[in-house]
Amino acid sequence: MSNKDDRRKAPAGERVADWADGRLGIYSLAKANMRKIFPDHWSFMLGEICLYSFIIIILTGVYLTLFFHPSMNEVEYHGSYVPLQGQLMSEAFNSTMHISFDVRGGLLIRQIHHWAAVIFLAGMFVHMMRVFFTGAFRKPREINWLFGFLLFVLGMFTGFTGYSLPDDLLSGTGVRFTQGAILSVPIVGTYISMFLFGGEFPGGDFVARFYSIHILLLPGIMLGLVVGHLILVFYHKHTQFAGPGRTNKNVVGMPLLPVYMAKAGGFFFLVFGAIAAIAGFASINPIWVLGPYRPDQVSTGAQPDWYMGFAEGLIRAMPGWEINFWGHTLVLGVFIPLVLFGVFLGMIAMYPFIESWVTGDKREHHILDRPRNAPTRTAFGVAWVTGYMIMLIGGGNDIFATHFHLSINAVTWFVRIGFFAGPVIAFVVTKRICLGLQRRDKDKVLHGRETGTIKRLPHGEFIEVHEPLSQEALYTLTSHEQYTPAEIGPTVDENGVERKVGRGEKVRVKLSKAYYGEENQIPKPTVEEYKEITSGHGHH
Ligand code: HEM
Ligand code: HEM
């Protein structure tokens, strides 16, 4: 039989695949990637939640563009919502009302879009924490950490431009807040504001401009970054937690196809279903309650979406300082929070580089740390989150005051003090807890697990039976590395010439001691210790 006949007999699917392979080379691509192994751990699903909520946002966003009019032209409302009949409003607000009340499925899609945005950012936050606390950002993944960082920051601004689009009272208040922050920037602030808003605030342009930024510019960049992020996850291979048989050179898990494809496909629908259910039950941004934006009005309890809350908190907690500098007013009460906003976020981007400088560790790491085994890093992370959360409380100081019947000044002072004290307390406490947990691990390795079974010995003594750990558990609990802190090198070189120790080196050594010095890690049990104790005759 000729080759040609063979082809004709092949099933249709195979023929299509052959056709595509001849043009795209899909066979070799699939061969290289379809059997890629992924390790299993619940926390590795967090990145997937980000991915799926991002896809849901794009799908629903496209639907919204079909009906949303990004225009600030003034129109009179004549839709189905009676209380606003005859009111003057922008076309943007009018069309969002139309989406909510008159477009089939419009309100649901709007709600899904908004809820997905809230969950997308929460997902990124928690995913980032997972990566941080397990040390997954270390070499070779620093660039992927930066991609992620950019995604987080761009996600915040995409969300902000999104909830500014409907031009309701709440979104207008948020835009005004941002314009205030821009104006506080010395020298260029006024120009940037005039440029962005096309004249005096609010002007007639900002919705149209925010619209292109929201649906095209930022999501376009984010899409590119997400693709790059995932390619890098493939290229580096996924990290894994320590365990028997797992090394820095292998990945133990299940193949992408069929196991992970099936899991991921199912998980996508679970995430979509959960977001749709929340969107169906819980109302988000009911613009008809707030009404159209008017610069002379603010609704009580005005709140940004959660991811912008800490920025709001920074401004609300800051005293209203204002100084006059060479005839120019400098609004420090707004400008300092704006700088802190950058610093707070910038710290995320910088951390992997700071840690590798302090530890001097330039090796690749594919085995994850348990947070307790990196107490200083964990403590830094918790301190950062504490500062962030305190500022989030600051952003809702009015809500806390009304809900808990507190004075708003008391809440503000709590936030001011908490901003400085909270992270320090969190740092110290977290470090203690981590060291305590390390001691417990050591104890478990040496003395086994406490079973809760009390035994009475023939001579009357009561003891608790300790069960020795399995070999797997022993391995897992003792496989982490322990580092020695950096020391200041010889101060005299081989010719006896004195070398000056730079300030950078001194700082590095100090920090390195804080990471790995005597008080900062519990020595792992040694084989001798283990043998001595386990050969002790039946005491435990
Ligand atoms: C659109 C947002 C994001 C998407 C869709 C996304 C998606 C993913 C996925 C699916 C993984 C593999 C599974 C997992 O470990 O969870 C992953 C890993 C990773 N992500 Fe993200 N991520 C996003 C944002 C971020 C952010 C904000 C950061 C940190 C600032 C980050 C840093 C990382 C790193 C370093 C890895 C490799 C972790 C490892 O191999 O253990 N990602 N990401
Ligand atoms: C990470 C990406 C995105 C985030 C975080 C996000 C977030 C938001 C938010 C919070 C709103 C306000 C919704 C409301 O309560 O009315 C909004 C509005 C909107 N978004 Fe997005 N969005 C994203 C991407 C997109 C994309 C890719 C498109 C279009 C292709 C889009 C189209 C729209 C439209 C047309 C509106 C105005 C209609 C409305 O407010 O209901 N968005 N977005």
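Note that Cβ sites are derived from N, Cα and C of the backbone, with glycine treated the same way.
Just so you know, TrEMBL annotations are computer predictions that nobody has curated.
Remember, it's a predicted structure, so these values are computed and weren't measured experimentally.
Summarising the annotation, TrEMBL assigns domain 'Cytochrome b/b6 N-terminal region profile' to 16-242.
Annotated transmembrane segment per TrEMBL: 44-68 (among others), in sequence order.
Beyond the transmembrane segment (112-133), the same-chain residues lying 6 or more positions past its ends with a Cβ under 8 Å from any Cβ of the stretch are 43, 46-47, 49-50, 53-54, 56-57, 60-61, 64, 145, 148-149, 151-152, 155-156, 158-159, 162-163, 275-276, 278-279, 282, 284-285, 305-307, 348, 351, 371, 377-378, 381, 385. Residues annotated as transmembrane segment in TrEMBL: 112-133 (among others).
Positions annotated as transmembrane segment by TrEMBL: 145-165 (among others).
According to TrEMBL, the transmembrane segment annotation covers 177-198 (among others). Listed by sequence, the residues of this chain that lie at least six past the ends of the transmembrane segment (177-198) yet keep a Cβ under 8 A from its Cβ atoms are 160, 204-206, 209, 304, 312, 315, 328, 330-331, 334-335, 337-338.
Annotation comment: TrEMBL describes 210-235 (among others) as transmembrane segment.
Annotation comment: TrEMBL describes 264-284 (among others) as transmembrane segment.
Proximity of distant same-chain residues to the transmembrane segment (325-354), defined by a Cβ-Cβ separation under 8 Å and at least 6 residues beyond the stretch ends, is recorded for 128, 132, 137-138, 141-142, 145-146, 149, 152-153, 180-181, 183-186, 310-311, 314-315, 318-319, 380, 384, 387-388, 391. According to TrEMBL, the feature transmembrane segment maps to 325-354 (among others).
Same-chain neighbours of the transmembrane segment (374-394): 129, 132-133, 135, 306, 309-314, 316-317, 344, 347-348, 351, 355, 400, 411-412, 414-415, 418-419, 422-428, 430-431, 434-435, 438, 514-515, 520-521, counting only residues six or more beyond its ends whose CB sits under 8 Å from a CB of the stretch. Residues or ranges marked as transmembrane segment in TrEMBL: 374-394 (among others).
Remote same-chain partners of the transmembrane segment (406-429), defined as residues 6 or more beyond its termini with a Cβ less than 8 Å from a stretch Cβ, comprise 313, 316-317, 379-380, 382-387, 390-391, 393-394, 397-398, 400. Taken from TrEMBL, the feature transmembrane segment applies to 406-429 (among others).
For the transmembrane segment (145-165), same-chain residues at least 6 beyond its ends with a Cβ under 8 Å from one of its own Cβ atoms are 50, 68, 70, 92, 96, 113-114, 117-118, 120-121, 124-125, 127-128, 131, 137, 171-172, 174-175, 178, 206-207, 210-211, 213-214, 218-219, 221-222, 225-226, 228-229, 232, 285, 304-305, 307-308, 345, 348-349, 352. Tertiary proximity for the transmembrane segment (264-284) is limited to same-chain residues at least six positions away from its ends with a CB under 8 Å from its CB atoms, namely 45, 48-49, 52-53, 55-56, 108, 111-112, 114-116, 118-119.
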